[in-house]
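Novice: Got a structure here, written out as structure tokens. Questions coming.
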């Protein structure tokens, strides 16, 4: 880069749920800063995220996160190329804080504003591991979503399978609560699963159905019924075995559906993304399944970027910007935002 050439720097915002995050990303794949202010302790006593509490924390943290992100990256507003923000899906109040902050910065400093689908951000976290090669497939597993997303080319998405009820991450939190685990329960359940055995034969709903959709409500109900029955008769169940049996059922369904999707949609990469992508059991199973696949390479989002963060938003924003995806100051939060087949510019 010549001394007069301006760097491509995106200031990215993420506030869709219970993490306030601001990052500075260079060229879509280099993290100069990624500030994350978590709210987990504030929500633990409620057993889950309380939208009003989340919004209040975002208001308190957003300005500090901006200042810290710029300071850590050692850049100023004049150095920025654009501003990016998650505008959905998520909690409407939480989203509005990030959207408002991003629009304010963009307007005040005359910078382009890039709207980002939160779920696309999760997928593009893989860009910090290696470039995404197309066609690609993403198994997107989080607290609110469980989806198989086919990507024939850059900036194109097609959901070919999704949960019909509970998301996998939501099921983890619910069974964790039954076992007395604080929110979020995923890591503890995963740790216990590695210490136990698959002794409870929980159902694997839709595993053999002729589609790529998922269902975890039946598994959750079977788990709750098993523990409730044990309580009624005074039986103590091994929590590690319960966790192992539950996790095995979840992983079996996710892996089976993914393998069948890959058979119908040949791709160069399978990207594992979302909060549940940090699950050791799932990462190990997919790695084993794809070890013998000569054409599809598994790319796992970095553990530190599996949860909500602005770095992943900046990664996809860079791609969206190259495709002319821009918004103006009329951009609003869209809590029910879905994937478009093509990520068209927001008007």
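We count from 1, first residue shown onward.
Cβ coordinates are placed from backbone N, Cα and C, and glycine is handled just like the others.
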Novice: Going by Swiss-Prot, 118, 122 bind Fe cation; tell me which of 289, 308 is listed for that site too.
Specialist: 308
Novice: For the substrate site that Swiss-Prot assigns to 140, 141, 142, 143, 144, 186, 190, 279, which of 173, 198 is also named?
Specialist: 173
Novice: Cα-Cα, whole number of Å: residue 142 (substrate binding site) versus residue 122 (Fe cation binding site)?
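Specialist: The separation of the Cα atoms works out to 9 Å.
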Novice: Taking the Cβ of residue 122 (Fe cation binding site) as the reference point, list residues of the same chain whose Cβ is under 8 angstroms away and which are at least six residues distant in sequence.
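Specialist: Long-range Cβ contacts: 140, 142, 273, 274, 301, 312.
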Novice: Could you name the residues, excluding 118, 122, 308, of the same chain that surround the Fe cation site, i.e. Cβ within 8 Å of the Cβ centre of those residues, in sequence order?
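Specialist: Apart from the listed residues, the neighbours are 14, 16, 86, 119, 121, 142, 274, 309, 312, 313.
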Novice: Among the binding-site residues listed here, 144, 186, which has the most company in the form of other Cβ atoms within 10 Å of its Cβ?
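Specialist: In terms of Cβ crowding, the pick is 186.
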Novice: So among 144, 186, 279, all listed as binding-site residues, which is physically nearest to residue 308 (Fe cation binding site)? Use the C-alpha atoms.
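Specialist: Closest recorded candidate to residue 308 (Fe cation binding site) by Cα: 144.
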